[in-house]
Ligand code: NGO
């Protein structure tokens, strides 16, 4: 069986434009030469003054200067947005376009921000997102009294609440665009951050380029007021079945941030490998970290690695939820420390994909010392409130042995001042304050879980047949599972966490999480292929109110993201359910340094990097080593011919 996701290539014409969009970009912007007035010195892209063969001086401006000149030339033309104000994923609460109030971002724009360290970080993030493609300097400065073209304001008064606003206010924002500028206002830096993600989607597709592009940076005029429906919006990455390094995790965090997801759950331990260093039990990684599914080398995060992930996440307003799966899924730990095994004998390392055969000894006090040490170290390294204790598929630990074990571990977590999360199999165990069950069933009727909710448990929903990102899209998807069914984009989109489980009131639902298990996933390209385009579908289910979302609207809004992912070098599944436009031609301004083929530092072992894409380990982290882009972008994956989609909800 071929394991190569469909990333076929085909030449594509220019992107179809929105009916309300302005004229096509002016052809003279396609190359640097036209920015040089006739009769002035020759302009070359090399970056320094040289002499021509004729002896005349040659001025070689930087890419930034070229971008600025190009933008100024463009600004003289009638500029209209290529994106509508409502073309945002996830769908905002309220969108009021003002077509006469479009903004053209000036080349000398500064980002003005409230004098607050967290808000300032968001402003720096915005500037870092926009600098590569615009080539504009975009300095960040404190807010003056005079308005500027990019303004981030913190403060309750600045963000009037829509009627009935309740949950999610602290993540909400308001975005106003008029010819003088874009103003994002929010109660918190997190709200500002989400507003920045919206602004990013309102700029032309070329904003995703990692090198300067000749483009008119037009933002559609009007006002968006927005806030999330659910407070917990997450994804999970299984780094135990196959290990993924820090750069890969950061890249996944970038995808989450783009769609306003705010939790990344890391499945850190399983039969096939232990991925987090624990000082007090060093063999967990030294021995248990060296294996993975299929016999590959495995790997693990040092304390410094984990800190990098947590900090990278925090800068994107994402909370890391670490999971140590107990009492089952523990073969790697037992190989490292046979004393934890029921028979005190080390099992052989496991690199297959079966489940349910391993467990730590629930009758041995040493097991609880182990759990306390591991969770204690993890809690100390994790700023977020959650500790996930697994609890799934411990088939050989039955009845009170199982519930007794879970209850002791729940108490350990509570003693560490953290909130326990566990797969819904922990439901029969006694309640501890605030405990959260992660439901991954498939039939929507689970009396044991409903009963646990009556006793005070809260829920994160990860229905296997809607939210599991490791399920295949279609029968011929070249990787993934199908035990919970096939999950195409419509299926990922078409459900409601608030009403999904019988006997569970909406107030008990914290939100949803989309798990990506990696038994069959071995590279970043494969992760992205399974993540996109389903992750934005699930993000919209989690963020948007039911009245603002519809399948037809979502398909149309999502379609424009294909060219964005393509421009950013992100692999995705070109699902025939979505009316993808062709990739727009991106006119890169000349480089100042020679292009080298990017080094793929991800743990890709079976697939080449996605399509033609430039690979940057973390998409939004500017680093000269991480910003390669092809001079001539390759075509987008060919959209698969699509059937008429008449599904309306
Ligand atoms: C199940 C199982 C995992 C598998 C996954 C594959 C849960 C919570 N336990 O989900 O061990 O990897 O399915 O889809």
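Each residue, glycine too, has its Cβ placed from N, Cα and C.
Whatever TrEMBL says is automated annotation, not expert-curated.
Under the heading active site, proton donor, TrEMBL lists 393. The annotation compositional bias 'Low complexity' is assigned in TrEMBL to 28-61. Look at TrEMBL and you will find 88-226 tagged as domain 'Beta-hexosaminidase bacterial type N-terminal'. The feature domain 'Glycoside hydrolase family 20 catalytic' is assigned by TrEMBL to 230-396, 404-545. What TrEMBL records for 1-61, 579-649 is region 'Disordered'.
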Only counting partners 6 or more residues apart, tell me which same-chain residues put their Cβ under 8 Å from the Cβ of residue 393 (active site, proton donor).
328, 329, 355, 356, 425
Please spell out the DSSP helix, strand and coil residue counts for the domain 'Glycoside hydrolase family 20 catalytic' (404-545).
49 helix, 23 strand, 70 coil
With DSSP as the yardstick, break the domain 'Beta-hexosaminidase bacterial type N-terminal' (88-226) down into helix, strand and coil residue counts.
45 helix, 39 strand, 55 coil
